[in-house]
Amino acid sequence: MATANFCRPKFIHHYHHQHQNCFNLPTNLYFSNHLKSKRSDGAQSVRRRRQRWRSSLRVHCQAAATDIEATARAGKDRLLKVPISNIRNFSIIAHIDHGKSTLADKLLQMTGTVESRDMKEQFLDNMDLERERGITIKLQAARMRFIYENEPYCLNLIDTPGHVDFSYEVSRSLAACEGALLVVDASQGVEAQTLANVYLALENNLEIIPVLNKIDLPGADPARVCQEIEEIVGLDCSNAIYTSAKEGIGITEILNAIVQRIPPPRDTAERPLRALIFDSYYDPYRGVIVYFRIIDGTIKKGDRVLFMASGKDYYADELGVLSPNQLQVDQLYAGEVGFLSASIRSVADARVGDTITHFQRKAEQSLPGYKEATPMVFCGLFPVDADQFSELRDALEKLQLNDAALKFEPETSSAMGFGFRCGFLGLLHMEIVQERLEREYNLSLITTAPSVVYRVNCIDGDTVECSNPSLLPEPGNRRSIEEPFVKIELLTPKEYIGALMELAQDRRGIFKEMKYITENRASIIYELPLAEMVGDFFDQLKSRSKGYASMEYNFIGYTESDLIKLDILINGDRVEPLATIVHKDKAYSVGRALTQKLKELIPRQMFKVPIQATIGSKVIASEAISAIRKDVLAKCYGGDISRKKKLLKKQAEGKKRMKAIGKVDVPQEAFMAVLKLEKEVL
């Protein structure tokens, strides 16, 4: 009779070799599956073997269990103070989808900061939008307590976004840290945003710890990725940490490396208070809540504090740490990260980058703060209901508190009414802001086509910046138009080089350089008009490379281009909201697409309605909506032809007179559809 084979499965060997927590191993599932398939074994025999197996597991896991239980107990004591030399402030940086949030989850779990019963995937991504899209949008801070060589350490983690549109969040979080974990996917290797984040960390003089994640994947090649990091980034990977955040491999090694390799903050608790605000948000009950990192000095609950940039002073009603939920404490000192609530009602009083100091014992000089974010993409935001204009303004002010890269100013449109011209760091940033306004503030919005800021050199020597086609000076007054250019770097496997070069050439790209960073991966550098990139460039990039290519771009300046203003005339009247600024080579195709779409959308009138796309006075594309015509010959049952001609002539004169005084109302649906079309064709 065949006997059941109870050899240990591969994953159990793997866990023993890595000395990880063995309590979560699905042994019951393993045995139940074998019992189903091996019914021939007697019940007594199976029970004895199971008991022997469990006892062997208990022996192997005892040491690991003791360590994890001790760590979990320490996590519950995370509000206890430690010396400044035992504080570590670090951030996690990586390209999008390389496992930052999963690693942060595992660090919180391993240090006992979050109970196992409360744990969920992407724990720090607390917005519904982040969970739906699977991306990190906002930086999140969490305080952990870790025991290393029988000594408690306070670890302040800041999890950061990975998408290029949220690089401002990354730069702010890095300014509050002394070190960073550089997470790289062991199967995908170095990507565009990996490089960008490394350069940001080096600018801030941070200690960088390379971490190779997802080593459990079948396609993982840690040796190749280490070589890539050394060749491309220039970091020494001899002490890189191999991990799988999902499986919990290498997490203890990461925690040890944070303690050993990241330097502690400077001991400046005796100096006057200086704290840097790195994030904030608006709470409808408590006012503005400020997240800060104390650089110098000490702050206590009830202290009277001064915001140095705004000059406003408040009493610190609540003081606490983020762990990751808000936990109140009585005092914080240099090197610590925490939050402050002081019943601040005006969102302008506590801005990101401001310095907090004591009202009585002021600091001599404020902290440098942050470089102002420069918007790259602009669009108009208008409420569907005109009565919601004031609500939209309040919502934008509160959202700007939480998203410092957002810029806005009032705008009026003849078609849309009152709204705002908003500036964003990229298309994804624009989408996220629009969705947050609609979800968090219950607003219904209309978004115009994204555009960029053009620079117009006038004949009289003046230079005008123009983000809206309606603000463009008349052709007789302008000498030239300059458009913003970006330097874009595409990292791609070698088999997709041709497709991506074709894409860049179609978008008026100027080829600069191509080099092989490894045997199978290449870097292609182009200079590209930003206006060509704010459309579907990123979607096309992913589509043509089957998702393997990545991109990173940065603004390099303005370049003179052959740009024109394309106007739309309906029945001879210029419709300003439909005007666009396009390159001369694309004017005909855009004009033809717009006129054809409007012909479908505008309802027929009692007179013929011409729709024209014009450059100045020159018509480049035209369509016409035929008139609704009454059959005036219906009552004629024969008779002389002159009678019929007389009736037709009378009708034509009436149509001509109606056309001269008639006005065409373009429905809101037509504007919406055309704006959607502009996003596709521009």
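Positions of Cβ are set from backbone N, Cα and C atoms, glycine also.
Per TrEMBL, the feature domain 'Tr-type G' maps to 85-266. As annotated by TrEMBL, GTP binding site applies to 94-101, 159-163, 213-216.
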Here the binding-site residues are Lys100, His163; which one has the lowest number of other Cβ atoms no more than 10 Å from its Cβ?
His163
Including all protein chains shown, what's the count of other C-beta atoms within 10 A of the C-beta of Ala94 (GTP binding site)?
27
Would you identify which of the binding-site residues Asp97, Thr160, Ile215 has the most other C-beta atoms lying within 10 angstroms of its C-beta?
Thr160
Within the domain 'Tr-type G' (85-266) only, compute the mean pLDDT.
80
